[in-house]
Amino acid sequence: MRSLAELKKNERGIINGFKDDSLSVKLIEMGCLPGTEVSVELIAPFGDPIAIGVSGYCLSLRKDEAGCIMIED
Amino acid sequence: MAKADRIKIALVGNPNSGKTTLFNLLTGLNQKTGNFPGVTVDKKSGFSKLPDGTTAEIIDLPGTYSIYPKTLDEQIVQDILLDPEHSQYPDKVIVVTDASNLKRNLLLFTQIRDLGIPLVLVLNMMDVAQLKKLNIDLRGLSIDLGVKIIPTNSHSGDGIAALKEALTQPLVKSKKPFYDIYDLAPKTIDAIKTEFDLTENYRAYQYAQQSVRLNFLNDKEKEIIAKIKSENGFYDVPTQSQETLGRYQFISDIVDRNVKNSRDPLKKSVSQKIDRVVTHPVFGYLIFFTVLMLIFQAIFAWAEGPMNLIEGSIAEFSGWVKDILPEGILSDLLTDGVLAGLAGVLVFIPQIAILFAFIALLEESGYMSRAVFLMDKLMRKVGLNGKSVVPLISGMACAIPAIMATRNIESWKDRLITIFVTPFMSCSARLPVYAILIGLVVPEQQVLGVFNLQGLVLQALYLLGFLAAIGSAYVMKLILKTGQKSYFIMELPGYKIPSWKNIGLTIYDKSKTFVLEAGKIIIAISIVLWVLASYGFNDNFRNAEENVRQKVGVNASQEEYEVALSSYKLEHSVAGSFGKIIEPAIRPLGYDWKIGIALITSFAAREVFVGTMSTIYSIGASDDDEVTIRERLREEKNPETGGAMYTPAVAFSLMVFYAFAMQCMSTLAIVYRETKGWKWPIIQTVYMTAVAYISAFITYNIFS
């Protein structure tokens, strides 16, 4: 299974679950819900952080954090 | 109307929901900034006249995404809303949401609704929702959420009248919670409800979730809660996940039912298009540095006129005071002490105002979060965080608001490092010191046809401060160990056309705070310095007239005698003795005892330097402008060499010293408050002073 960090720019995916419990609470609060579609909107120069479109808005997070979000194949 | 009769209304909402704009619309200029009792979070409150003739106190609580706080500022929201005994506990709550982004914004609403506080829901930014082609069924939404809804557009002010009207009506508390928490932890909730005599399940549940953080519970109560939790197998994180997911499930259904999106999802929005450029590997940094350059240019170019005007007016006023008051101690104290000090404060207003205007503009428009996004990777390399960009830029105005801005950084280590290095950024208080010394030793000439040499030296000093900040951060990163992981989850809000009213209010508010806070210290120091420099207790001072008479001889004119007398008196005054005491320590840097006095007084605040210099060089406050001080400094002779005292070596050494040294009591006080102890302010002072001393020593030896 891939993580959000492996998605390329403009690629879409559906959130499947999280690898890290305490981080997942924060991500869920910010609207990263399992079953929700995400798309990679921006990648900062030097490849990190990234910005994703989720639940109707734009959220930026680091590669490490994106790595905790699992994407359905 | 008596104060106690005023109802308290709290504004709560997500960051970027236009909450502050709404607050400004409700209260106008009728607002004040204070502190919440017991904590150092800025409390913005104001009064609003309601249609029924009553006045309500409106409290603007810090923006937060949920009732679970992640930063220190967010903590206050929970402290107030969970504690009905709190002095700021509101009678009613206005939950402000971004109508164009309802799903995420409603999470906080449902949590506050379940606490059982009467509330009204504001759907703000209706214009943005329209642009996004969202059709919102307000009636349906209101029924499904069980709350009165007021649509507003804080840009045009639409809906404010309806909101004020709604606030005069009794708001019903809904009996049934939006999300029934009970099933998640029935035993824990029951036990806490009985123990603390609570009615709402969600309140009891919040006690269980957040007992460690709740300041109003004492240790014994926290212990009881911990016991109840362990007896019933209550685990914070998984339960919170379940709660949030459960809430979102309801919210999603309701939003999907009542909000129809008629826009092509593949079409890029304007914000997305701007983002492609602003975060571009080349254009992104180009834009960022252009913005910084623009701010610099504006601070120096635009502020000059108003600054001259302020200086001129105070000098005139001071002359007028001297004329009408009889000559004597009172007149001297007022003009040389108080007014000279006051001039040192007021003259900064234009620069502070321009800088804060730019910072507010960057925040309001949404650009600041892009700068944070762009710089995070680079900042992390040196132990900082993308969010450190905001304090570092603000630090060019003043370290005090800058250090307070670090509260948005969640990771304690990142935050501490940012607090530690921010005072290295050249603040506006260093500017007059640089200005006077550069004017003294750097010729006014063009370099490469376009650049002004004096301007370049000034920019080099700012760069020096920035490099010191980055270098120190890197060192701190290597020294500080922490198990806590730093994270970075941040909304990139859509771009907005800034509200000029908000920016105007920010400028007004920050300038006022600066004048009041810095003014107090500077005026106090000026008066103390004036006293110390005017009186002495040793025999030399007492017999000054006789000694000077002997020294200058009988042929000297009255004027020569008086100049000699005042400098002799200064040398033997209390301040002079202090200067002499530290002279051996600062001699290697090229300084004499007169500069020593300025260094001592500058410890309170750097901007005192110019005032001290003018007092020391016995210039009357009536012609207290920089040019005269500069001329006096230029004429000052070094008694040992007979040449000019202020050689380039001495001037550069002084500039480097001021660039690095911690010379600001207000900064120390704020670092003490923010780090909750004397450890870090002391380490910071010792470190910065050591860096300043060593660098000034090296500079002096290179140039001499």
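Backbone N, Cα and C atoms are what each Cβ position is placed from, and that goes for glycine too.
According to TrEMBL, the feature GTP binding site maps to B:13-20, B:38-42, B:60-63, B:124-127. The Cβ of B:G13 (GTP binding site) has 31 other Cβ atoms within 10 Å, all protein chains considered. Under the three-state DSSP scheme, B:G13 (GTP binding site) falls in the strand class.
Using a 10 Å radius centred on the Cβ of B:N24 (Mg(2+) binding site) and all shown protein chains, the other Cβ atoms total 21. Residues annotated as Mg(2+) binding site in TrEMBL: B:N24, B:T27, B:G28.
According to TrEMBL, the domain 'FeoB-type G' annotation covers B:6-173.
Under the heading transmembrane segment, TrEMBL lists B:282-303 (among others). Same-chain neighbours of the transmembrane segment (B:282-303): 350-351, 354-355, 358, 362, 367, 370-371, 374-375, 393, 396, 428, 455, 458-459, 462, counting only residues six or more beyond its ends whose CB sits under 8 Å from a CB of the stretch.
Beyond its flanks by at least six residues, the transmembrane segment (B:338-362) meets 291, 294-295, 298-299, 302-303, 306-307, 310-311, 314-315, 317-318, 321, 368, 371, 390, 393-394, 396-398, 428-429, 431-432, 498, 502-503, 506-507, 510-511, 514-515, 518-519, 522-523, 525-527, 607-608, 610-611, 614-615, 621, 624 of its own chain at Cβ-Cβ distances under 8 Å. What TrEMBL records for B:338-362 (among others) is transmembrane segment.
The transmembrane segment annotation in TrEMBL covers B:382-404 (among others).
Taken from TrEMBL, the feature transmembrane segment covers B:416-440 (among others).
The transmembrane segment annotation in TrEMBL covers B:518-537 (among others).
Residues or ranges marked as transmembrane segment in TrEMBL: B:649-672 (among others).
Annotated transmembrane segment per TrEMBL: B:684-703 (among others), in sequence order. If you look at the transmembrane segment (B:684-703), the same-chain residues 6 or more away from its ends with a CB under 8 A from one of its CBs are 420, 423-424, 468, 472, 588-590, 647-650, 652-654, 656-662, 668, 671.
Away from its own ends, the transmembrane segment (B:649-672) comes close to residues 399-400, 403-404, 419, 423-424, 426-427, 429-430, 433-434, 437-438, 440-441, 461, 464-465, 468, 517-518, 521, 589-591, 595, 599, 602-606, 609, 678, 680-681, 684-685, 688-689, 691-693, 695-697, 699-704 of its chain (Cβ-Cβ under 8 Å, at least six residues beyond either end). Set side by side, the binding-site residues B:G28, B:P62 differ in how many other CB atoms lie within 10 angstroms of their CB, and the most is found at B:P62. The binding-site residues in question are B:T27, B:D42, B:M125, and the one with the fewest Cβ neighbours inside 10 Å is B:D42. Remote same-chain partners of the transmembrane segment (B:416-440), defined as residues 6 or more beyond its termini with a Cβ less than 8 Å from a stretch Cβ, comprise 299, 344, 347-348, 351-352, 355, 383-385, 388, 391-392, 395-399, 402-403, 406, 409, 454, 457-458, 461-462, 464-466, 468-470, 472-473, 476-477, 480, 518, 605-607, 609-610, 613, 626, 629-630, 633-634, 646, 651-652, 654-655, 658-660, 662, 664, 667, 671, 674-675, 680, 683-684, 688.
Proximity of B:N16 (GTP binding site) to non-local residues of its own chain (separation of 6 or more, Cβ distance below 8 Å) is seen for B:G63, B:D98, B:G366, B:E491, B:P493, given in sequence order.
In sequence order, B:F23, B:L25, B:L26, B:L29, B:N30, B:Q31, B:G46, B:S48, B:L505 are the same-chain residues whose CB sits within 8 A of the CB centroid of B:N24, B:T27, B:G28, the residues recorded for Mg(2+) being left out.
Taken residue by residue with DSSP, B:D42 (GTP binding site) is part of a strand. Per Cα geometry, B:K19 is the residue among the binding-site residues B:G13, B:K19, B:P62, B:M125 nearest to B:G28 (Mg(2+) binding site). DSSP classifies B:N24 (Mg(2+) binding site) as helix under the three-state reduction.
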